[in-house]
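A quick write-up on the structure given underneath.
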Amino acid sequence: MEVTCLLLLALIPFHCRGQGVYAPAQAQIVHAGQACVVKEDNISERVYTIREGDILMLQCLVTGHPRPQVRWTKTAGSASDKFQETSVFNETLRIERIARTQGGRYYCKAENGVGVPAIKSIRVDVQYLDEPMLTVHQTVSDVRGNFYQEKTVFLRCTVNSNPPARFIWKRGSDTLSHSQDNGVDIYEPLYTQGETKVLKLKNLRPQDYASYTCQVSVRNVCGIPDKAITFRLTNTTAPPALKLSVNETLVVNPGENVTVQCLLTGGDPLPQLQWSHGPGPLPLGALAQGGTLSIPSVQARDSGYYNCTATNNVGNPAKKTVNLLVRSMKNATFQITPDVIKESENIQLGQDLKLSCHVDAVPQEKVTYQWFKNGKPARMSKRLLVTRNDPELPAVTSSLELIDLHFSDYGTYLCMASFPGAPVPDLSVEVNISSETVPPTISVPKGRAVVTVREGSPAELQCEVRGKPRPPVLWSRVDKEAALLPSGLPLEETPDGKLRLERVSRDMSGTYRCQTARYNGFNVRPREAQVQLNVQFPPEVEPSSQDVRQALGRPVLLRCSLLRGSPQRIVSAVWRFKGQLLPPPPVVPAAAEAPDHAELRLDAVTRDSSGSYECSVSNDVGSAVCLFQVSAKAYSPEFYFDTPNPTRSHKLSKNYSYVLQWTQREPDAVDPVLNYRLSVRQLNQHNAVVKAIPVRRVEKGQLLEYILTDLRVPHSYEVRLTPYTTFGAGDMASRIIHYTEPINSPNLSDNTCHFEDEKICGYTQDLTDNFDWTRQNALTQNPKRSPNTGPPTDISGTPEGYYMFIETSRPRELGDRARLVSPLYNASAKFYCVSFFYHMYGKHIGSLNLLVRSRNKGVLDTHAWSLSGNKGNVWQQAHVPISPSGPFQIIFEGVRGSGYLGDIAIDDVTLKKGECPRKQMDPNKVVVMPGSGAPCQSSPQLWGPMAIFLLALQR
């Protein structure tokens, strides 16, 4: 197993005044994924254009110390309310298959507690083009027969799109326009939904009977293709017409099978028929087949409006509606109304009295009522009147009025409701009129005015009703405006006056009103009473968990505070340390009267007193716990992510170094940090290199630096850093470091591009060549690649190392060129040297050229170096001097030879100021690839000398 050793070059703590390297968050939004274009609109905001259904990927690049947290939010045309309400906490926002309604403004908010948060935004514009719709209309003034033989016809084409669509009208294959045909007019109507273009055929002519195509286009934006719809206009074209096989109102008995036919009486093209139901969908078991709707064994719940609609895109859709009524009766109620004129609420002899009876029925107007007294039909007289549709009562209500009530009028009255001749059971209601018939009173039983229960338990609220007859009791909330009962209703009826609640919660606390109903009893002013419900629940405390840090020997005060609870008081507070009960702390007299917190004081933090403290607070209903973790250990380091160019690559060795920087979080909260324990482990490996790094006193905002060396390209590493004080180990921080190749202008640091990173040091493929260079290593090579050409590994000889090469197999042809273009460099010296390794092995090798593209006055490509033919299965190095006169780029051009055995590769490209070495590379140092019969040069040593580190404090 490979073991990596680290050479420590320097540990440099920097001291900065004030906040040191702490800096507020800065943010920038960059895009990735399948964007069509990113542009600036007329108000200079960034607009990101993307096709509907593609992947939206936005990345928020942040700087600032400590590392800012990123939060994405969205406004303006949110596709999903859920997404708009719940933020996404991630530096990268990714939406699969974006929808048009997800367009709008996206905000990236970065904050780290230093200064104000950084907020950046970008507007996402989702592009789409729906299928167009085409409808045909006539002039309103012409309503005679086959109107398409004369007058004017309008073809209306509508589409939803973004950006706005362009319309093209065609007759057959000929494009129509105003100027070419006086018989047509094309215009955009006002007040239309979506985008619309109308083709007007004026004074219809014989040649106007043809096929018309509406083609819509968004000019191939985001690769969206054009769409079209065609309609054939003939002399028989007509809008749909319908008739029904039944009356528009159909009354049936429950259990019957219902069949309704919707018959077409006109329409060309042949209209499409569709049945719908309102409210709700078609009943379960209903079958809509063409124009026939069948409902087997119809029930009362199937009542409603059934709509038959015919469409053929000519004129307006034809619609016929059947109102299906299934006979039913329910909810028989009665009312006793004393003499209204005398404003009486009691039954008194010599005064008028009205008895009313009502049922909820379908159809309501077909219900008949019959009154009985003491089992016999009531006879009409001057003092006994039966009326229907009393304006003071619900519709279709029957009333029996007794004028000048006599003693002989006392008795039992029965009201019977029925559907004559229908198999629907009769409903009846009975009421007794006597001297004992009195209006109701309502009250709360003694001791039940206030009900106190614990959260989660059942509760019963009770009101007692007296009177004859006793009406139902209606319950509602009092103290919360428009509040609903736990059942979800604003009003709930209880026949016995008891409101039963299951598993009450704290939000059910409050005042409830009970009142008498005005039906099934006296039709008088309701009587009311109130019940108070108190729901007790355990306490809620803060902090639920707290990390308490303090230097050794210093005191600590722990406080557990009551936020809410019912009852709102602390009955007992118990402290434990590491699970063991502690003696009760002394009680402060002022807090003993109404305790709302509990405290524990530690005179000094020691190793023995460090650990977990628990405060259990009770209010007799339940308890809650505050947890405190007390220690003198140091907080975790804060890695610094804004180090400029932290990666340094090393020529030939395939190793790299990394500048690791960090600050110490709240160093003054505990004892001074004495040293750090550094652990570095290559990902996917088990062994780690561990090193102790001593430091002087570390201050807040002070930047510490450590250079990790001999890291293997292109591997990533996990770095763990733990501070140590006199107390011992503190909190550990970890991060992953990745190898990234530098993208810099040439400078004296002599940067080398190993092509180990996917960004290939900023090199790009030329868009004007025939094919592209390919990045690969021994692990990603095609196992079926052509033998006897190309390198088996890169210059380092490791299977993980990458290089760039051209693949010359089919479909490549003789002379095809592939160009790899460097970033643009600003010329700051007179001479530069381009050094690189090349591999040209195979009997069909073409040419490898190095060009310099000057951008001083225009673009000019100049040949600087060229090599052709088979050079063997070896990596060789070339040094090419160049002297650009202004900003420049270097170009590697591979030219395909006469056959497929002509792969050419390059690796380890260096651009350096100054002249090239006068002596060419020692032939003994040529890297011969395994299998060529020559020895290989040994790899550079991975084990450096003993680690030497420098400790400095710069003030």
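Easy rule for this one: first residue shown is 1, then count along the chain.
Glycine too: its Cβ is placed from the backbone N, Cα and C atoms.
TrEMBL lists 779-788 with the feature compositional bias 'Polar residues'. If you look at the compositional bias 'Polar residues' (779-788), the same-chain residues 6 or more away from its ends with a CB under 8 A from one of its CBs are 799-800, 807, 809, 841-843, 900-901, 903.
Mean per-residue pLDDT, taken over the domain 'Ig-like' (24-123), amounts to 79. Residues or ranges marked as domain 'Ig-like' in TrEMBL: 24-123 (among others).
Among the features that TrEMBL reports, domain 'Ig-like' is placed at 132-230 (among others).
Taken from TrEMBL, the feature domain 'Ig-like' covers 240-323 (among others).
What TrEMBL lists as domain 'Ig-like' is 338-432 (among others).
Annotation source TrEMBL lists domain 'Ig-like' at 440-532 (among others).
Annotation comment: TrEMBL describes 539-631 (among others) as domain 'Ig-like'.
Marked as domain 'Fibronectin type-III' by TrEMBL: 643-743.
According to TrEMBL, the domain 'MAM' annotation covers 751-918.
If you look up TrEMBL, you'll see 779-798 marked as region 'Disordered'. Here the region 'Disordered' (779-798) is broken down by DSSP into helix, strand and coil counts: 0 helix, 0 strand, 20 coil.
Annotated signal peptide per TrEMBL: 1-18, in sequence order.
Taking every recorded stretch in 240-323, 338-432, 643-743, 751-918 and counting its Cβ pairs under 8 Å to the domain 'Ig-like' (539-631), the highest total belongs to 643-743. Listed stretches 240-323, 338-432, 440-532, 643-743 were compared with the domain 'Ig-like' (132-230); the greatest number of C-beta pairs under 8 angstroms is found for 240-323.
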